[in-house]
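Q: Swiss-Prot lists D149 with the feature active site, proton acceptor, giving sequence analysis as the kind of evidence. Marked as coiled coil by Swiss-Prot on the basis of sequence analysis: 289-327. Residues annotated as compositional bias 'Acidic residues' in Swiss-Prot: 313-326. The annotation N-acetylmethionine is assigned in Swiss-Prot to M1. According to Swiss-Prot, the feature phosphothreonine maps to T3, T183, T340, T367, T387, an assignment based on similarity to another entry. Positions annotated as phosphoserine by Swiss-Prot: S265, S320, S410, S414. Swiss-Prot lists Y433 with the feature phosphotyrosine.
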Amino acid sequence: METVQLRNPPRRQLKKLDEDSLTKQPEEVFDVLEKLGEGSYGSVYKAIHKETGQIVAIKQVPVESDLQEIIKEISIMQQCDSPHVVKYYGSYFKNTDLWIVMEYCGAGSVSDIIRLRNKTLTEDEIATILQSTLKGLEYLHFMRKIHRDIKAGNILLNTEGHAKLADFGVAGQLTDTMAKRNTVIGTPFWMAPEVIQEIGYNCVADIWSLGITAIEMAEGKPPYADIHPMRAIFMIPTNPPPTFRKPELWSDSFMDFVKQCLVKSPEQRATATQLLQHPFVKSAKGVSILRDLINEAMDVKLKRQEAQQREVDQEEEENSEEDELDSGTMVRAAGDEMGTVRVASSMSDGANTMIEHDDTLPSQLGTMVINTEDEEEEGTMKRRDETMQPARPSFLEYFEQKEKENQINSFGKSVPGPLQNSSDWKVPQDGDYEFLKSWTVEDLQKRLLALDPMMEQEIEEIRQKYQSKRQPILDAIEAKKRRQQNF
């Protein structure tokens, strides 16, 4: 579909919506074509600008969402004018929704492409994407902005292969008097150590996330993706920097690039400008090398949409016959409307990178989670109110909620007597686990699920002990900062 757009370009380029367009109802200015998925705070749709024929993306955000965060996202996009950052065209209020009109990137995110093709990327493809991404980061950092959620799901490609940074739902602005931020924000597996530790961070936090993203593009998932996210949060600051699972598969130049990104000390970590001069990036090929993988991904997507549409048509045909019998008012299901929304669900796997264990890296952690029937309201993790307890990072609340849901789902069923209460089970001494051989697979799986709440309790106790020692130090630092004129 998008290749046709290349052959029939818009009548003129849309740069910004004029005052006349902004005073109209959005339906008078745009035709909404289909739902693309979920971004931070709202649903994202593909639409066409009637006057120019240009395809755009529209994020529809419910007004009851965190308006401060939405306004901040718009503000950051408004200030950006770079070919490597998704453009902002304007916004509307429509009923209870805010419509944010943005640049459309027809090939989707890098993680979409990996998942659709069921293949990771080559070094040449990674180098080309990293070069554009670094140019976008260099621009943002020059503007004193931190993206704070760099990952393959937030790097979008247009149909020509140009990479652009997207989803500023958690981005932050640095001022001269606030050289470092102290909020924990982002997606856990990509977080820099200093972000997790809440010791203050600056623009190079994005560089750590970029290094993790490079591994993600090469291996299909970030380091620690196979373990519980809360364990990863404790491991990232304490363990040595992660590296490739099979280093022998990758060139010295690529491994050195990742090594320079994943330096634990932010003061010694390379900047975007410095990394643009790295041999791995300087030798990157043109965007034309990405066209084959983009076309392949779009072909897969189209075939899935066609297959899904056939299923929808068949369901509607069957349902319409039942509706005619059941009710005189519902003669027939609205075929066109159903088709538009349901087609998008052909990507219902989620827009994250290809992950073998979905329960380890849930789709909610990825920006642009493609529309699924049971995950309609989930997107990138949102930043919580900074006035809340600083000792309780926002991602902990998220994971605790997921644990509660898992426990309700798992333990609502009949469980054998010995497994009813996880706290009743004591860990065997001296590693004597022979008795487990007599258990059924079902009992073993239930026991494994029961271990998670025990682990959470132990982690919480450690966190509280750590916080009791850490908080006085943080208070002293904050007091000194307040006495300083400039940081």
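In case you wondered, yes, glycine gets a Cβ from its N, Cα and C as well.
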Q: By a simple count, how many Cβ atoms lie within 10 Å of the Cβ of S265 (phosphoserine), its own Cβ left out?
A: 9
Q: By a simple count, how many Cβ atoms lie within 10 Å of the Cβ of D149 (active site, proton acceptor), its own Cβ left out?
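A: So the number of other Cβ atoms within 10 Å of D149 (active site, proton acceptor) is 27.
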Q: What three-state class does DSSP give S265 (phosphoserine)?
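A: Once the DSSP labels are grouped into three classes, S265 (phosphoserine) ends up as coil.
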Q: Where does S320 (phosphoserine) sit in the DSSP three-state scheme?
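A: It is helical.
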Q: At the Cα level, what's the spacing in Å between D149 (active site, proton acceptor) and S265 (phosphoserine), rounded?
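A: On Cα coordinates alone, these residues lie 19 Å apart.
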Q: From the Cα of S320 (phosphoserine) across to the Cα of S265 (phosphoserine), what is the distance in angstrom?
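A: Computed Cα spacing between S265 (phosphoserine) and S320 (phosphoserine) is 63 Å.
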Q: Over the coiled coil (289-327), what does the predicted model average in pLDDT?
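A: A mean pLDDT of 84 is what the model gives the coiled coil (289-327).
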